[in-house]
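Residues or ranges marked as disulfide bond in Swiss-Prot (evidence: similarity to another entry): 5-19, 9-21, 14-26.
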């Protein structure tokens with residue numbers, strides 16, 4: 001299935017593939 005991009009992040013990168021960091025949470029690219 002599609003990756004779930006729910007981790008928190010602050011100006012960095014996301015551990016989940018296909019996700020980008022939009023402070024303060026990762027969102028799907």
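Positions of Cβ are set from backbone N, Cα and C atoms, glycine also.
In this structure, the CA atom of residue 5 (disulfide bond) is 8 Å away from the CA atom of residue 14 (disulfide bond).
Distance between Cα atoms for residue 19 (disulfide bond) and residue 9 (disulfide bond): 11 Å, as a whole number. Within the group of disulfide-bonded residues (21, 26), the Cβ with the highest number of other Cβ atoms inside 10 Å belongs to 26. Residue 5 (disulfide bond) has a Cβ environment of 20 other Cβ atoms inside 10 Å. The secondary structure of residue 9 (disulfide bond), as reduced to three states from DSSP, is coil rather than helix or strand. In the structure as shown, the Cβ atom of residue 9 (disulfide bond) sits within 10 Å of 18 other Cβ atoms.
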